[in-house]
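Participant: Pulled these features from Swiss-Prot for this protein:
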| type | residues | note |
| --- | --- | --- |
| BINDING | His96, His514 | Cu cation 1 binding site |
| BINDING | His98, His140, His587 | Cu cation 2 binding site |
| BINDING | His142, His516, His585 | Cu cation 3 binding site |
| BINDING | His511, Cys586, His591 | Cu cation 4 binding site |
| DOMAIN | 48-160 | domain 'Plastocyanin-like 1' |
| DOMAIN | 216-373 | domain 'Plastocyanin-like 2' |
| DOMAIN | 474-603 | domain 'Plastocyanin-like 3' |
| CARBOHYD | Asn65 | N-linked glycosylation site |
| CARBOHYD | Asn271 | N-linked glycosylation site |
| CARBOHYD | Asn296 | N-linked glycosylation site |
| CARBOHYD | Asn464 | N-linked glycosylation site |
| SIGNAL | 1-18 | signal peptide |
Amino acid sequence: MACNILNFLTGLLSLSSTLPSTYFPSCIKPSNSHVSQNPVRFEVHLTPGRANPTGAGFRDVILVNGTFTGPTLRLSRGDNVEFLVRNHLREDTAVHFHGITQSLSPWADGTPGIAQRPIRPGAAYLYRWRADESGVFFYHAHSRGQLMDGMYGAIVIERGEDEPSPFHMISHEASDWELMREAEREVQTLMISDWSQFSFGEVMGVEREANIDFTCMDAIVVNGAGSEYCLERELLNEYTNPLVKFILSHTDEKEITDKGCVPPLRLFQGNYSLHLDTLPPEAFRKCIPGVGGGANHTVTVHSSNRWAALTFINPGGLYPLKVTIDNHPMHVFAVDGHYIYPQIVDQILVNNGERYSVFVKLDQEVGRYTIRIANDLLGQVLGGFAALSYNGVMDDPPHPKPLMNYAGGSLVKNIRVFDEFNTRPYPPKPPASVADRTHKFMVRKLAQPHGAYEWTMSGIEGLNMTTEDVASPFLFQDPSQIETSELMLTTKKNEWVDLIIEVEGPFAQSHPMHKHGNKAFIVGRGVGFFPWATVEEAEKHLPRGTFNFIDPPYKDTFKTLEGVNNNAWLALRYHANSPGAWLFHCHIQTHLAGGMGVVILDGVDEWPELPEAYAEWNGFEAPV
């Protein structure tokens, strides 16, 4: 039945969270003008709620279909997806599908002000995209730090039978290969994340009031479950990094706080006028032990299967996280969804936005083995736990062998750590040997009069959150009419583009950078300055082996190096084969909100034609 515009708009603004998952109002017709028939449909309701996952107290969260974390989406490669979002929040939102390239659907990337208009309170938005690549990805809010309020969930795209796998490099037994394929089809996802008792809005309020960069969390949660641990002073001092001890010994503080955090001193924050008297005690100092929260997450595996597949996903707001499993090495077979030449390791480091897929051989005695997770940054001693249970048994094994302590310190000699920068894609996938275009970035805090929480990738200015509110998103515009700047860059279709990120010292923090719209190759990295205009010029001056154009890592999230008393740099190379307006940014949520992002207009010479459904109607057909 036809409906007029008034009925259409009224329907969008009054959708009930109790509607069945397959419901489409009669006046909201999914547009099939740019995707094939028989799509796989998902419907999510975003609602405000309260949660107490660690036992330290309830706080405001965003629930996805009534749960924290959101449900897992399971697809097959080649599926056409319709992902309907109904916004019951009191604020704008948008949903990004992290790692999905959106090569034929840049209007479904989920970046307000860049690829779409925000989803207003009470409105609905229909994302349409094709599952062109297989592996594990995740969806999350991409508006004003809502990711830190729990709006995320996993995406598993099953691989096609024609995809070559590297499983023969893990085991020489052909019988194991089919067991591994079956384990991968049944992969269990673990969303490992830092957790704050403050909502993201409260975090930003604390930053502005005290004029600090917020660097202290409360706990680590796994699939929305965890606990806040308050360690004795003796243990805190034992676990404090020697460099941190040395630096604090030259200050009035002398030691880390009861929450395990480095105090927000000017030495670490920078030369800003701090207002530390406005800080709530719970922000950096007061530790509230978890009581009565949800139990730590348990992964159940079955010993008869001989192998289990797990994927660790870090949707967290701040910290890269180390992971070990007692008594079990891990065979890493995919990173950011893409197969690699496997590495057998004891420990992986999962940066914000990354996904690590591992096989675990189920050859131990039946029991419950501890999965240990720890913050990798120097600024806080923080750990968390989950469990790997054989056949649902909850008894501890007779001979547990932990590999790291609560703070991430190694408990064994010669622990095998995953080598991110020697990750080789499988099958081999080399980049172009020479780039057509280079963009350089200087990551630093903005100096006064800007706040201590404001960042830049241009070295001059930050990408303000008000970009989300522009009347016409950049994808909707003629790119020739968009003014370019250090924050607005362009490429032509099918160019090979180098992105060189230099992080300013003297304490060059590691940043997890994410490029929307493409995976990229990590062709080089180093500690020190990068004064050269291009990689080709740098090759003439840097040691042989600094750059890799044969088999470099191929990812969508990239960790810059740390530098002590120095700068650090990272060189990425990607193929600009997906025209559209794409965000390139740090995945630490306070850094992104503080300005650490740029917009790249890829393929301006073959700009995509925007479907009317997205230009005017949030992905739906126009009412008649």
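Here the Cβ of each residue, glycine as well, is placed from N, Cα and C on the backbone.
Not measured: the values here are computed from a predicted model.
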Participant: Please give me the recorded positions out of Asn65, His96, His514, Cys586 that lie within 10 Å of His140 (Cu cation 2 binding site), comparing Cα atoms only.
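Facilitator: Those close enough are His96.
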Participant: Using the CB centroid of His511, Cys586, His591 as the Cu cation 4 site centre, which other residues of the same chain sit with their CB within 8 A?
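Facilitator: Filtered neighbour residues, in order: Val443, Trp455, Gln509, Pro512, Met513, His585, His587, Ile588, Leu592, Met596.
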Participant: Taking Cα-Cα distance, which of the recorded positions Asn65, His96, His98, Asn271, Asn296, His587 are within 10 Å of His511 (Cu cation 4 binding site)?
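Facilitator: Final answer, ordered: His587.
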Participant: To the nearest whole angstrom, what is the C-alpha distance linking Cys586 (Cu cation 4 binding site) and His516 (Cu cation 3 binding site)?
Facilitator: 11
Participant: Do any of His98, Asn464, His514, His591 (recorded positions) have a CA within 10 A of His585 (Cu cation 3 binding site), and if so which?
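Facilitator: Taking His98, Asn464, His514, His591 one by one, the ones whose Cα falls within 10 Å of His585 (Cu cation 3 binding site) are His514, His591.
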Participant: Going by DSSP, give the three-state secondary structure for His591 (Cu cation 4 binding site).
Facilitator: helix
Participant: Which chain-mates of His98 (Cu cation 2 binding site) that are at least 6 residues away have a CB under 8 A from its CB, listed by sequence?
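Facilitator: Correct list: Phe137, Phe138, Tyr139, His140, Gly353, His514, Asp556.
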Participant: How does the domain 'Plastocyanin-like 3' (474-603) divide up by DSSP, counting helix, then strand, then coil residues?
Facilitator: 16 helix, 55 strand, 59 coil
Participant: When the pLDDT values for the domain 'Plastocyanin-like 1' (48-160) are averaged, what is the result?
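Facilitator: That region's mean pLDDT is 97.
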Participant: For His516 (Cu cation 3 binding site), which residues in the same chain are close in space, meaning a Cβ under 8 Å from its Cβ, but six or more apart along the sequence?
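Facilitator: The answer is His96, Gln102, Asp109, Thr111, Trp582, Leu583, Phe584.
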Participant: Roughly how many Å separate the Cα of Asn296 (N-linked glycosylation site) from that of His142 (Cu cation 3 binding site), to the nearest whole number?
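Facilitator: Cα to Cα, Asn296 (N-linked glycosylation site) and His142 (Cu cation 3 binding site) are separated by 27 Å.
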Participant: For the Cu cation 2 site (His98, His140, His587), what does the 8 A shell look like? I mean other same-chain residues with CB within 8 A of the CB centroid.
Facilitator: His96, Phe138, His142, Leu147, Tyr152, Pro315, Asn352, Gly353, His514
Participant: What is the separation, in Å, between the Cα atoms of His591 (Cu cation 4 binding site) and Asn464 (N-linked glycosylation site)?
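Facilitator: With distance taken Cα to Cα, Asn464 (N-linked glycosylation site) is 11 Å from His591 (Cu cation 4 binding site).
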Participant: State the Cα to Cα distance, in Å, between His587 (Cu cation 2 binding site) and Asn65 (N-linked glycosylation site), rounded to an integer.
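Facilitator: Rounded to the nearest whole number, the Cα-Cα distance is 25 Å.
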Participant: Could you check which of the recorded positions Asn65, His142, Asn271 is the closest Cα neighbour of Asn464 (N-linked glycosylation site)?
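Facilitator: Given the candidates Asn65, His142, Asn271, the nearest one is His142.
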Participant: Looking only at C-alpha atoms, tell me how far Asn271 (N-linked glycosylation site) is from His142 (Cu cation 3 binding site), rounded to the nearest Å.
Facilitator: 31
